[in-house]
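The next block holds one structure in the form of structure tokens; read it before the comments.
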């Protein structure tokens, strides 16, 4: 294995690093030219990148003597180069066959105003329009229609009259039957408007472009193939009709180092032909109370334009939750505070024109958001802006109902059975009584120990000459006390760390356990005959049992500490009285060392894997029962000042107990 002349780095690692660097330079150049539509130049860059990738992969790095962090990094580079080589070869094969186009060409390809259909037979041709005099009137109507479909632009487009030498390019006349060269797309009836072309016609125009066209590092986080509509709001408050249901997807770029170089955001949201860049904590998104998501329209240069995204009520709940979770992670998602619908309002009012929603979004849209591409701002398929009709199909998605966003502060009151509340209050009250009794019993026990020790000292005759303890023994006991005290602190620190990790893991697991666990419970256990939740009642009793056990456990802990402190203090004082001050100090160090050893042993027992699993499971259960805790407001019944179901309050009460006991000792 050859070594580098300067820094001692193996020459093989240098070759791998150089090939890695040059390969990705050419691959990135190929991606840029590929996105710009320069296919031939992109293929040349891809081929050069493949050459460097093959060179870097050809170096052997699996020999046993190739060990260390440098070789591990080199192997990771080679693994990444292998994955990139496979993707580049796939893309190059697509380019050479001419089977794919770039994302920009897909989005800039504006469909024709009218769909193309095979010509009819001569026998079925509809009659010619009555006269060309109707064309100016019809063009004026179509002109206003096209202007309404592009309401976000500041300058309305005018529809010029077609040349009479090309009658097939003329817009259809409003005749009872379709004019020559045109086809009836939909027709109205008494029960509504029906489509005459079927669902497949619309679905073929709403398929997402291939993911390969976005680059080698594009990762599709979510794809909703159908059931998503968008509408547009211009600065004047005019709202377009919702588009025909289409697809939605969120794409993230894995290689963040290329974002600045390629002038692209970390990810983007795509709904049919509309794109929105997603930058964490910078891209404003407003979720309205009616369930629609409002975005600033960054594809237009005009300010004050917004886009609303509406999800179908028939979409799976998992897709809806995943979409909102991704928006929280990749944008600045905010919830609308309040929006009241007018009384007697039957039609769905787009929240983009309401004062509160519009103001909130305008305020948030002041953030500078990077665009996907400067030249793609005006790219839009105008044909999808208007609402298209659809036929009665078995796969039809119902978009008439929108899932509203319920306020977070309003919680549904649980209807609990009476027996559950009674049992829960009895458990809490009994636990408080037991805890109070333990603490009081420990206090009386401490007083009895002090009284007995004082009587014992009255009967003991002190030694005339104090017992001399060897300095080596005294120093050894003192060092043992210091060592065991340090071990106790370290073990306690480790236990606290384990508890912290277990608490975090338990809190993260609790929502998933609660969500999937409820599916396993039979419906017969969820509701009783009176419509009250039997399961919630059982959960309330379980939560109260956990709270009661915690209360009793804290009382036991407080009582044990009180008794141990009293026994230790009286033992040291008795030895000091009998054998002198030196022997008393040695006894004090020995007793403290014994206590520290016991505490350390207890802490070590709570650090193992089993203890970690137990604490995680226990914290998961506590978090699950958090919503079912109750508060016992009967202050007169509890001798300790009220049985509170809040564990934090009980901890504070138990902490105050030892402080009061300590104050009594000092007074004595």
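Here the Cβ of each residue, glycine as well, is placed from N, Cα and C on the backbone.
Swiss-Prot lists 1 with the feature N-acetylmethionine.
According to Swiss-Prot, the feature domain 'MIT' maps to 16-94.
Annotation comment: Swiss-Prot describes 110-176 (among others) as region 'Disordered'.
If you look up Swiss-Prot, you'll see 118-127 (among others) marked as compositional bias 'Basic and acidic residues'.
As annotated by Swiss-Prot, phosphoserine applies to 126 (among others).
Under the heading compositional bias 'Low complexity', Swiss-Prot lists 128-162.
For 190-380, the entry in Swiss-Prot reads region 'Ubiquitin-binding region (UBR) domain', with the evidence type similarity to another entry.
Annotated region 'Disordered' per Swiss-Prot: 348-396 (among others), in sequence order.
According to Swiss-Prot, the feature ubiquitin cross-link maps to 362.
Here Swiss-Prot flags 427-611 as domain 'Senescence', drawing on sequence analysis.
Under the heading region 'Required for localization to lipid droplets', Swiss-Prot lists 431-503, citing similarity to another entry as support.
The phosphoserine annotation in Swiss-Prot covers 470 (among others). If you take the C-beta of residue 470 (phosphoserine) and look for same-chain residues 6 or more apart in sequence within under 8 angstroms, you find none. Under the three-state DSSP scheme, residue 470 (phosphoserine) falls in the coil class.
Under the heading region 'Disordered', Swiss-Prot lists 631-668 (among others).
Residues annotated as compositional bias 'Basic and acidic residues' in Swiss-Prot: 648-668 (among others).
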DSSP helix/strand/coil residue counts for the domain 'MIT' (16-94): 66 helix, 0 strand, 13 coil
